[in-house]
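Contents: one structure, followed by commentary.
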């Protein structure tokens, strides 16, 4: 089947988005390292990276990637665009391998593949979203009991992670950082869609910025983005980029799909086969995430082992 011109444009925009976002992880980490050498590291609560040009280049690449991703949805359906976000994992892992010398173990590669396959499986079988014609309609959906419960749980869990888990454990700090980003990210996506619809309707002559819900969604976007940015910086500064990128993508994708399904109640239109397929995709993602998390340092250990053996031999002589 030949792709339409619009789908080709959407595919090109989504692919370029993944390239920008994947490279931004690596560029930002280089900037974070340089800033950490000159001041307090982001992982220790410092903000010296704000004065580092490389970090801002990475931020610019990430913004360009998000803009390209947003534009892709104007040309191609979500079923084509969303799975391509997994390509950012490949871009960041390859660049980190060659530029940052963060070796990805063979099991890490397998875990990465499992994450991508599982995420694509979920997205491809996710139900279609309802057509939204006004911000007030989104506000009505957002104030339904189901989504209010989800939003409250997301905020409470994020606060527990920020004020308790992060300060009490070192072993789970990476997952805590990424969970905070992903929980806030799921709320960001809901709010960004509302703002995007408001802009589209306003450009078509129906001003949506006279309504309070529009400004509420804008405030939510700003707050959630700032929290995401802060804790993503901490994760990148403290842990292997080749692990942070895929785990963040997987957790963010799952929570975003859950938030959308709760808010729009699309699960009611699905049959048993579709639900079973999504569950299989979820199990695949969990397996990939577990494998990545358990083998995150094995690649670096392998690359260091020859030199360590040489030192041991010199000491023995």
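Positions of Cβ are set from backbone N, Cα and C atoms, glycine also.
Note that the coordinates shown come from a computational prediction; the quantities given were computed from them, not determined experimentally.
If you look up TrEMBL, you'll see 297-317 marked as region 'Disordered'. Summarising the annotation, TrEMBL assigns transmembrane segment to 12-32, 53-72, 78-100, 107-127, 147-167, 174-198, 210-231, 243-263, 275-292.
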* Taking contact to mean three or more C-beta pairs under 8 angstroms, with sequence separation of 6 or more, is the transmembrane segment (174-198) in contact with the transmembrane segment (243-263)? -> yes
* To do: Flag the pair the transmembrane segment (243-263) / the transmembrane segment (210-231) as in contact if three or more Cβ pairs fall under 8 Å (sequence separation 6 or more).
  => no
* **Recorded stretch that, among 107-127, 147-167, 210-231, has the most CB pairs under 8 Å to the transmembrane segment (275-292)** => 107-127
* Structure fact -> Per the Cβ under 8 Å criterion, with at least 6 residues separating them from its ends, the transmembrane segment (147-167) contacts 141, 173, 176-177, 179-180, 183-184, 186-187, 227, 231, 255, 258-259, 262-263
